[in-house]
Protein chains: 2
Amino acid sequence: MKKVRIALLGLGNVGRGVWKILQFNQDEIRKRSGYDIEVAKVLVRDMNKARGVDIPEELLTTDFNDIIEDSSIKIVVEMMGGIEPAKEYMLEAMKKKKHIVTANKMVLATEGDQLFETADKEGVMFYYEASVAGGIPIISGINESLTANKIEQLYGIVNGTTNYILTKMALDGMEFEEALEEAKEKGYAEADPTSDIEGFDAAYKLAILSSLAFGTKVEFDQVYREGITNITSEDITYAKEFGYVIKLLAIVKEINNKLQLRVHPTFVPATHPLANVYNSFNAIFIKGNAVGDLMLYGRGAGDLPTGSAVVGDIISILRNNVDLESYLPSVKNNLWHKEFIDMKDVECKYYIRATVEDKPGVLGELTTMFGKNNVSLRSVIQRGKEQGEEGVSLVLVTHFTKEENLLNAIDLINIAPYVVKVDNIIRIENF
Amino acid sequence: MKKVRIALLGLGNVGRGVWKILQFNQDEIRKRSGYDIEVAKVLVRDMNKARGVDIPEELLTTDFNDIIEDSSIKIVVEMMGGIEPAKEYMLEAMKKKKHIVTANKMVLATEGDQLFETADKEGVMFYYEASVAGGIPIISGINESLTANKIEQLYGIVNGTTNYILTKMALDGMEFEEALEEAKEKGYAEADPTSDIEGFDAAYKLAILSSLAFGTKVEFDQVYREGITNITSEDITYAKEFGYVIKLLAIVKEINNKLQLRVHPTFVPATHPLANVYNSFNAIFIKGNAVGDLMLYGRGAGDLPTGSAVVGDIISILRNNVDLESYLPSVKNNLWHKEFIDMKDVECKYYIRATVEDKPGVLGELTTMFGKNNVSLRSVIQRGKEQGEEGVSLVLVTHFTKEENLLNAIDLINIAPYVVKVDNIIRIENF
């Protein structure tokens, strides 16, 4: 059997998963790839750290030169995370004609162009299935299976931490802080959860998926982003009452050749398949003009699911002939030029929860303010006053309206004397 | 731009879908494949039939020789259905070094081996994404994305007709016959619905998926098969009461290196993602030892969804270098030898509905018969007698038991004097 030598950069969660899969699925991998894969080197930061996997010590190195200068290493697998030195290492490896597999969403979302261009120029293969949604084959789905489609919309639950928190809030009645604590205890949230709960992680993934699905360059900072820290159990209860569940969605839609990109908490109809995606699971829904509705559901994180995607990419490289002098890449990322839609021009339905003084005429005055800004209301719920509360809760649901109009109305409402507070505004998607 | 000439065999539902997609997504297909695709010939049975698509008459032919003898045609797309002449045409085309795309599940499930071998021998590419579950990329999912996994189980809703019928029964309270009529009216069921409602269609698809997922040869007749014609609204009501929904599932599991293959109505927990797959949608659930749970959901039939898979395959061939003299196939189907588990050795939980005489002691005697055959019961529901009914309904749910033991108990029960009829036996899966 042919042999191939590879190097792993990083031996964290994903790196250990890859190592384990290469061991316990050795027979499957050999037969399916036609190769015996030998891990020649593993780059680590600290030689003395406990590893949790049974890896021979002589494979470990802290010096990237041990890898880059070894011409017998054909594939470099980057699982370090972060932008530098990951990007620099990948570029150097490409220049040495090594094929690359990466699980790094951040570097792809921010520096992807340079990596794609260098891979093209050097004629090396560059695979990154693991960078978005762990074990779910969404990258190959878009890049290889849906090529006959014009993709119209893509929206999904791409962050397991926030989905876990929202599940606990919806099913177990927890408040946000309590659910976050539990997520930390169970290892679903990091000590500093900012990247997850503020939607950065989802926005990185959306930038990558949008670039591929729409064949255009999408920068991370073109994605509108809102996290889930403002969601309360009250919002979740109202959502249920209206027949919805609240999910943190990453959404991209093409409208008149322009893209709108946004990550925010969203009212999703309770009958939609995404509504039934619980706990830390991820799912991505795609509408193509030929395939119609398609959803991919699975584990978006974890050592083995993410490792499954990484090792799948390694096998793809081996099957595509790892020894070719120059590989002709099949996927181009700049096929079309697309404009982006400003958030103020996005049209949505909105859920608005506000606390107002319990006086006659308040509802009429608020309704007038919406009307003046061309926002028409679909339903209003006013809850009776409970003891000790300052004001009463008013929940409004609008018909489709431009975000600009809504925000203008909200500006007026915010300064109205009988309005205690606009508690929350959440977009509603009916897809 | 490079040009490639292709031929379509068949201009039915799928053929028309492919023709339409090649027209309305021409720009996408050109940019993604790097080729201008020209349909050179379309094989039809009758030159004078109305087509429903705007296709130039000079492309139509009834003579396969016009295609096979034209060396400028590089790809033959088979969408005729049935075994012959589809198989013969594909074999002939392979021998003329034409690459093949097929949407034909029947020929793959029964004659796949000969087609794979001939493609290998002739060095041509052979793609068949559209043969199972229409637009859902399940074939490439298994063959390309999940290669790092040992797949442990695969189960899914792979027949849209029966899922539509079961949805109507569950949500609208219809009986089987009424739902079948509606399915016919809406075009979801054919005039002769046998292949769908008796589970043949699902069994063909399961044979194909199992071959790929387990890298072994699976014949269609190794699949145990039961249709949905016995399901009544009573069963559906009881299922709901127990927290389940009834779906026609195609199931394959590997247990101790042996495969069990079965298509039958199944109690699925109401919280399982498959329970929320409604109407004519399909969904396939896979458990891999690295990726964990994965589900692919989408349109399993229809001109455009199936056409999406066919055109995707054409683009894959173009990207893999359609002009290569000899193509080295990456997917082998006989990597392992697996034994099959006889249906009598399958272990399941069972739902049994029987009509018995309303006499004291009946329940005790029945319970004893189960006990004697090592079948232990989890719950029993005995419904009060309604006017005009012959006997009363008794519903039993077992713990895990060998099918052989269950059938032995049922044999005894069937001949017991106080048993009017065993109405239905449905397997329960908790996955």
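Glycine too: its Cβ is placed from the backbone N, Cα and C atoms.
Proximity of A:LYS205 (active site, proton donor) to non-local residues of its own chain (separation of 6 or more, Cβ distance below 8 Å) is seen for A:LYS105, A:ALA109, A:SER131, A:VAL132, A:ALA133, A:VAL158, A:ASN159, A:ALA250, given in sequence order. Summarising the annotation, TrEMBL assigns active site, proton donor to A:LYS205.
DSSP assigns A:LYS105 (NADPH binding site) to a helix. Summarising the annotation, TrEMBL assigns NADPH binding site to A:LYS105.
Taking Cβ-Cβ distances under 8 Å and a sequence gap of 6 or more within the same chain, the neighbours of A:GLU190 (L-homoserine binding site) are A:THR161, A:LYS184, A:ASP196. Taken from TrEMBL, the feature L-homoserine binding site covers A:GLU190.
What TrEMBL lists as domain 'ACT' is A:351-427.
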Per-state residue totals over the domain 'ACT' (A:351-427) - DSSP helix, strand, coil: 24 helix, 30 strand, 23 coil
